Amino acid sequence: MAYFLEQTDSEIFELIFEEYKRQNEHLEMIASENYTFASVMEAMGSVLTNKYAEGYPNKRYYGGCEVVDKIESLAIERAKKLFNCQFANVQAHSGSQANNAVYHALLKPYDKILGMDLSCGGHLTHGAKVSLTGKHYQSFSYGVNLDGYIDYEEALKIAQSVKPEIIVCGFSAYPREIDFKKFREIADEVGALLLGDIAHVAGLVVAGEHAHPFPHCHVVSSTTHKTLRGPRGGLILTNDEEIAAKIDKAIFPGTQGGPLMHAIAAKAVGFKENLKPEFKAYAQLVKSNMQVLAKALQEKNHKLVSGGTSNHLLLMDFLDKPYSGKDADIALGNAGITVNKNTIPGETRSPFVTSGIRIGSAALSARGMGAKEFEIIGNKISDILNDINNVSLQLHVKEELKAMASQFPVYQQPIF
């Protein structure tokens with residue numbers, strides 16, 4: 001496959017190879033990123049990309065779907081087994097598509113959504129004013145206490161006041177566990193449905209390293225990459241037959257046309273990997289590595305949102321620093337450490353500048369890095385931030401970390 005691409009489009013081939021080198025030589029620590037399995041990429045690059053299959057298994061609008069019916073059915077069964085639930089829709093193209101389909105299925109225009117505030121760790125699709133959800137529905141938000149933990153009492157008071165039709169519990173930048181049971185109690189109190197968005201922690205959930213959203217959530221959405229290490233894509237789960245039927249209609253024909261059968265096959269492959277005992281060990285490593293990193297940073301007197309972490313990510317707090325999240329992002333990037341600037345609770349800077357950075361452990365754990373490496377990384381991050389304008393230091397650290405990264409190759413060959 002690489003041979004044909006090199007011959008037919010050398011520009012793209014060389015850029016892919018350049019990105020392969022970057023991923024190998026840099027330390028990828030963006031919390032939403034991971035290295036997928038080679039077998040997943042093989043399925044993604046298969047002849048399945050040629051097949052249209054509007055509809056669902058055994059209920060297609062196109063002919064020639066006998067094989068892809070088997071593939072999608074297998075993906076569904078594996079998802080149900082993995083998450084221990086009765087119904088699964090594997091067609092959503094992304095996590096955002098999954099969330100929008102849930103709203104389309106269960107809400108009417110201008111119904112009310114209650115989700116986590118964006119600056120406190122929520123996601124755009126949880127009701128942010130700039131997103132589709134903030135325009136088509138009435139959106140309200142809950143936040144965190146001064147200690148950085150979700151303020152469940154505030155969430156209850158807001159829910160009692162606005163009476164939302166759906167409450168979203170989930171995040172894109174929250175370093176602690178979600179208490180699904182508490183959220184269900186709040187939802188029941190006001191007669192709301194509860195959507196658990198576990199896009200970030202799904203891999204931890206299925207490995208028993210994070211609380212499970214079932215039986216508390218009426219419906220659960222997720223991505224299939226991030227901590228699951230599968231292909232880029234979305235997933236919707238439920239134990240309610242009526243909700244499942246509405247979800248299916250909301251995906252097709254409600255918000256999508258033909259499903260991406262190569263992606264669905266890749267999801268099935270990923271789910272099989274997630275069901276292996278080795279994946280539990282991986283999820284444990286993700287959490288333990290993040291604890292090592294948090295400890296290393298705190299020992300150097302760096303402030304973390306909520307005082308630490310209980311999952312795969314942490315947030316560094318620069319509210320009292322002369323430099324911003326953007327400054328830290330650039331400096332660490334120059335040193336070969338890829339993170340992202342992130343708004344944090346009590347934010348005083350713009351979303352394009354921010355007062356924090358988000359750091360994740362999933363990708364480097366997938367490479368096999370452990371406590372020793374994460375302690376080194378924590379110390380290097382501290383060195384860079386403590387002398388943030390020292391470009392020569394950044395370049396020196398980059399070479400040191402490049403040598404360390406070479407001991408943990410991402411893949412054995414550059415292109416699949």
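Quick reminder: no glycine exception, Cβ is built from N, Cα and C everywhere.
According to Swiss-Prot, the protein carries these features:
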type	residues	note
BINDING	LEU118, GLY122, HIS123, LEU124, GLU242, SER350, PRO351, PHE352	(6S)-5,6,7,8-tetrahydrofolate binding site
MOD_RES	LYS226	N6-(pyridoxal phosphate)lysine
SITE	HIS225	site 'Plays an important role in substrate specificity'
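All features noted in Swiss-Prot, drawn onto the structure.
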residue : record                                                  : CB count, 10 Å
LEU118  : (6S)-5,6,7,8-tetrahydrofolate binding site              : 23
GLY122  : (6S)-5,6,7,8-tetrahydrofolate binding site              : 24
HIS123  : (6S)-5,6,7,8-tetrahydrofolate binding site              : 23
LEU124  : (6S)-5,6,7,8-tetrahydrofolate binding site              : 17
HIS225  : site 'Plays an important role in substrate specificity' : 26
LYS226  : N6-(pyridoxal phosphate)lysine                          : 26
GLU242  : (6S)-5,6,7,8-tetrahydrofolate binding site              : 8
SER350  : (6S)-5,6,7,8-tetrahydrofolate binding site              : 11
PRO351  : (6S)-5,6,7,8-tetrahydrofolate binding site              : 13
PHE352  : (6S)-5,6,7,8-tetrahydrofolate binding site              : 10
Taking residues LEU118, GLY122, HIS123, LEU124, GLU242, SER350, PRO351, PHE352, which bind (6S)-5,6,7,8-tetrahydrofolate in the record, the widest Cα spacing (Å, whole number): 43
Cα-Cα distance linking HIS225 (site 'Plays an important role in substrate specificity') and LEU124 ((6S)-5,6,7,8-tetrahydrofolate binding site), given in Å to the nearest integer: 18
For HIS225 (site 'Plays an important role in substrate specificity') and HIS123 ((6S)-5,6,7,8-tetrahydrofolate binding site), determine the Cα separation and express it in whole Å. 16
For LYS226 (N6-(pyridoxal phosphate)lysine) and HIS123 ((6S)-5,6,7,8-tetrahydrofolate binding site), the CA-to-CA distance in whole Å is 15
